[in-house]
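Marked as domain 'ABC transporter' by Swiss-Prot: 12-265. The feature ATP binding site is assigned by Swiss-Prot to GLY57, GLU58, SER59, GLY60, CYS61, GLY62, LYS63, SER64.
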Amino acid sequence: MNAVIEQRKVLLEIADLKVHFDIKEGKQWFWQPPKTLKAVDGVTLRLYEGETLGVVGESGCGKSTFARAIIGLVKATDGKVAWLGKDLLGMKADEWREVRSDIQMIFQDPLASLNPRMTIGEIIAEPLRTYHPKLSRQDVRDRVKAMMLKVGLLPNLINRYPHEFSGGQCQRIGIARALILEPKLIICDEPVSALDVSIQAQVVNLLQQLQREMGLSLIFIAHDLAVVKHISDRVLVMYLGHAVELGTYDEVYHNPLHPYTKALMSAVPIPDPDLERNKKIQLLEGELPSPINPPSGCVFRTRCPIAGPECAQTRPVLEGSFRHAVSCLKVDPL
C-alpha cells in the first residue's frame with residue numbers, strides 16, 4: 001500500500017517551513033528587539049495523491065499552526081510550500097483564490113466554525129456562490145442537498161440554523177461545506193476532539209468513506225493516537241515546532257525510533273486489561289521548553305533519556321526513507 005502511495009503524484013511539497021512570531025513583552029524597553037516565538041521551525045515533507053497524513057504531538061507543538069500555514073491562514077516566515085509544483089508562499093491574492101478551491105479545511109470546534117445567522121443551506125452554499133456565481137439558485141440548492149445526503153444529513157433540514165444541531169451534526173455541516181467545491185486536499189484540524197467518543201467514530205468513518213468516493217488527500221491532526229492510527233497512511237510526530245519522526249503508521253506505532261515517539265506510544269491504552277496492567281509507561285521528565293527560548297541543538301534533549309553532550313551542539317535533521325525517517329543523533333534511521 002505504502003509503496004503504491006510513493007509512486008503517486010506529489011500534491012503538496014513542504015521544505016524547511018518556518019512560522020515565527022515576534023513577541024513584545026510589557027516590561028521590554030522600546031529599543032530592545034522583540035523576542036521570537038518559533039511555532040514551526042523547519043518542517044519538510046511530501047503529501048501524495050489519495051494519502052492520509054496524520055499529525056500528532058502534545059499541545060503547543062505547532063500542529064495547527066503548521067496546517068494553517070499551508071492554507072495561508074497564518075503567514076509563513078520562511079521555507080517552501082508547493083501545491084502541484086506552484087509555490088504558495090509567493091502567490092498573489094487572485095492566484096491564492098484558485099488554489100483555495102482545491103484545499104479546504106475542517107475546524108476543531110464545529111459550532112464555532114459556523115455562522116449562527118445563516119441557515120445550514122446558506123453555509124454549505126457559500127463557497128459555491130463565491131466560486132461559481134453563474135450557477136442558478138436551483139442548481140446551488142440541488143448541489144447542497146446532494147452534499148447533505150452524502151455526509152449523512154437529511155435535505156429537509158436545509159433551512160435550519162446551526163444551534164438546532166448536535167456537535168456531530170455541526171461537524172458534518174462543516175465537512176459538507178469543505179467538500180462542496182470538490183477539493184483535492186482536506187486539512188482536518190482536530191475535527192473529532194470536541195465530540196463524544198461514539199460520534200468520533202462516525203465522523204472518522206465518514207471521512208474515510210468520502211476519501212474513497214472522491215479521491216481526497218487528508219492531513220489529519222489529532223491528540224488521540226488511536227484515531228490517527230485508524231485513519232492514517234503515514235504519521236508525522238511533532239515536538240516544539242520540529243518534525244521528530246515521519247513514517248508509515250505501522251512503522252511509527254510498532255517500531256518507534258525517536259525517544260519522544262516511544263513515550264507517546266507507551267501511553268496508548270491497550271484493550272487487554274492484563275497487558276494494560278503490566279505495561280510500562282515511559283514518563284518524560286521536566287517541562288516542555290518555551291518556543292521563545294528553545295534549547296540549543298536538539299530541542300528534545302532537556303527531556304531525553306539518552307541525550308549526550310553532542311545533542312546540545314548539533315541540531316538533528318529528519319533522515320531515513322519514505323517508510324521511516326527520524327530526527328535524532330542517537331538513532332540510526334536505517
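Every residue number used here counts from 1 along the chain in the order it is shown.
Cβ atoms are placed via backbone N, Cα and C, with glycine included.
Apart from the site residues GLY57, GLU58, SER59, GLY60, CYS61, GLY62, LYS63, SER64, the chain places the Cβ of MET238 no farther than 8 Å from the centroid of the site's Cβ atoms, the recorded ATP location. In the structure as shown, the Cβ atom of CYS61 (ATP binding site) sits within 10 Å of 23 other Cβ atoms. Other C-beta atoms found within 10 angstroms of the C-beta of SER59 (ATP binding site) number 8, with every protein chain shown included.
Close to GLU58 (ATP binding site) in the fold, though at least 6 residues off in sequence, lie HIS223, TYR239, LEU288, each with a CB less than 8 Å from its CB. Counting every protein chain shown, 21 other Cβ atoms lie within 10 Å of the Cβ of SER64 (ATP binding site).
Each of the binding-site residues GLY57, GLY60, GLY62 was scored by other CB atoms within 10 A of its CB, and the lowest score goes to GLY60.
In the shown protein chains, 24 other C-beta atoms lie within 10 A of the C-beta of LYS63 (ATP binding site).
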